[in-house]
Amino acid sequence: MFEFVRNLAHEHEQVVPISVFVAILCLCLVIGHLLEENRWVNESITAILIGGVAGTVILFLNKGKSSHILRFSEELFFIYLLPPIIFNAGFQVKKKQFFQNFITIMLFGVIGVFISTSIITAGSWWLFPKLGFFGLTAREYLAVGTIFSSTDTVCTLQVLHQDENPLLYSLVFGEGVVNDATSVVLFNAIQKIDVSRINSRTSLQLIGDFIYLFSTSTALGVTFGLVTAYSLKTLYFGRHSTVRELAIMVLMAYLSYMLAELLDLSGILTVFFCGILMSHYAWYNVTESSRITTRHIFAMMSFVAETFIFLYVGMDALDMEKWKMTRLSVGTLMASFGTLVFLILVGRAAFVFPLSAFSNYLNKHPDRSKPLTFRHQVVIWWAGLMRGAVSIALAFKQFTFSGVTWDPVNAAMITNTIIVVLFTTLVFGFLTKPLILCLLPQHVTDTSDEGQGSKSPKEDMTLPLLSFEASASTNILRAKDSLSMLIERPVYTVHFYWRKFDDRYMRPIFGGPISSPPEC
């Protein structure tokens, strides 16, 4: 039987590995379905465990030479696997909750990444040489900080109930997406700076590059989303074929990602905001049947890509080539791994709790019935401890060439990254459900965002921002009311006036239902 398999693999060198990997993917789907009711084990953990078992079998068949059947490369991840995952996150995001909590999400997802990166970089730079781990350059230490600042919140999101904890779910989901985008943008910015002279000027250059990449990538995604929505509304593809509607959305989203990469921007941010704009406008310009199909297809593509990545991680954990090439003792390797996990814990806590207090201060208003409690903050801190696909991809991009490395130091960092991802996903993932059940009992409903839906007596969705028909004194009075609202309730006021602008100018051009005027 083994000889037959070897002969078959020799005759079809490309077909057989792909066929085996697809068969294992199908097995993940079946086992994941059978374990659907067991919230202790999610899709990520299932894929990693099955990948480990498959890697063991392949390692046995190859007589200890290799544990995987496909060679992972950062190009495969960033060009083919990552776009559908991020686009689906933007397309499926609950926009009202996301933008009502936008400032808090950006605090965690942007400022938090800078704080976490600084702590992990400084800690590893100081502790690794003391553990006997030498050879990393200044740029590589900075890259290590961004690699291990990227989170994977899948485990927590599968335990949290969106209906029972809408505020908490929105914050964890939103931070997860923005965190990944920020980590990649910061990682790319680090590759461009001169690390031979790290000073205040270098820091300002890094922040400037980050702001440029963040803003231009977002603007490109918004542009593509609006162009797609306008095209679907004016050309009405559904007259002849609903397939064309779906095809134009998929292709425009992918084109936005690839163009961002060609321009050295962040494809993640571009395709994320492209997904948000498409779901906000373009989705309403397609036929009813296409709306249902679109969401299901995007979710399917994202699910398969995520499963593929974690399946490979499980297989690659048994790659003997990298383990032998590290040339580090088991003690040194475990000590460096433990140091990274400790720095992740500290770096996460260093920004979650202070920024939560700052968020509570910004949202301090009688209309918000509850702030972020300490239990909420612990859940948010725990949700960001897991590391996943983006960490793996960035590590491969920094320390390998097309998935291969012959440098012992680089091999050690790849091994460390895989161990951290496995440990945090399996151990922290298994503990997520009991922790959340302890902190947030199921019968208690999170009402901390109920007040955000309350209306100000000053608001009237039928009134424009400023009117040429009204008198100057009326416009000045409206401006004063708007300014006082902005000072008292900045988050609510921005969201309120955006809805007015959206209903009056954007939706008539790009599509979508007009919001009904709220009751005072």
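Positions of Cβ are set from backbone N, Cα and C atoms, glycine also.
On a predicted model such as this, the values are computed, not experimentally measured, just so you know.
Feature annotation from TrEMBL assigns domain 'Cation/H+ exchanger transmembrane' to 27-436.
Marked as transmembrane segment by TrEMBL: 15-35 (among others).
If you look up TrEMBL, you'll see 47-64 (among others) marked as transmembrane segment.
Beyond its flanks by at least six residues, the transmembrane segment (76-93) meets 173-174, 176-177, 180-181, 253-254, 257-258, 261, 267-268, 271-276, 278-279, 283, 295, 298-299, 301-302, 305-306, 308-309, 389-390, 392-393, 396-397 of its own chain at Cβ-Cβ distances under 8 Å. Summarising the annotation, TrEMBL assigns transmembrane segment to 76-93 (among others).
Per TrEMBL, the feature transmembrane segment maps to 105-128 (among others).
Residues or ranges marked as transmembrane segment by TrEMBL: 210-230 (among others). Counting only same-chain residues 6+ beyond the ends of the transmembrane segment (210-230), those with a CB under 8 A from a CB of the stretch are 110, 182, 185-186, 188-189, 248-249, 252-253, 255-256, 259-260, 263, 265-278, 280-282, 285, 509-511.
Among the features that TrEMBL reports, transmembrane segment is placed at 265-284 (among others). Long-range neighbours of the transmembrane segment (265-284) within the same chain, counting only residues 6 or more positions beyond its ends whose Cβ lies under 8 Å from a Cβ of the stretch, are 78, 82-83, 86-93, 95, 98, 177, 180-181, 184-185, 188, 213-214, 216-218, 220-222, 224-226, 228-229, 232, 249, 252-254, 256-259, 291, 294, 506-507, 510-513.
Sequence-distant contacts of the transmembrane segment (296-315), counting only residues of its own chain at least 6 positions beyond either end whose CB sits under 8 Å from a CB of the stretch, comprise 21, 24-25, 28-29, 32, 43-44, 47-55, 58, 67-70, 72, 77, 80-82, 84-85, 87-89, 91-92, 154, 246, 250, 388-389, 392, 418, 421-422, 425. The transmembrane segment annotation in TrEMBL covers 296-315 (among others).
Feature annotation from TrEMBL assigns transmembrane segment to 335-358 (among others).
Beyond the ends of the transmembrane segment (379-399), by six or more residues, the same chain brings 44, 72-74, 77-78, 81-82, 85, 108, 140, 143, 146-148, 150-157, 160, 168, 171-172, 175-176, 179-180, 183-184, 187, 306, 309-310, 313, 344-345, 348-349, 352-353, 356, 372, 405, 407, 410-411, 413-414, 417-418, 420-421, 424-425, 428-429, 432, 435-436, 439-440 to within a C-beta distance below 8 angstroms of the stretch. Summarising the annotation, TrEMBL assigns transmembrane segment to 379-399 (among others).
What TrEMBL lists as transmembrane segment is 411-431 (among others).
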**Residue numbers, six or more beyond the limits of the transmembrane segment (47-64), whose CB comes under 8 Å of its CB atoms** = 2, 5, 24, 27-28, 31-32, 306-307, 310-320, 422, 425-426
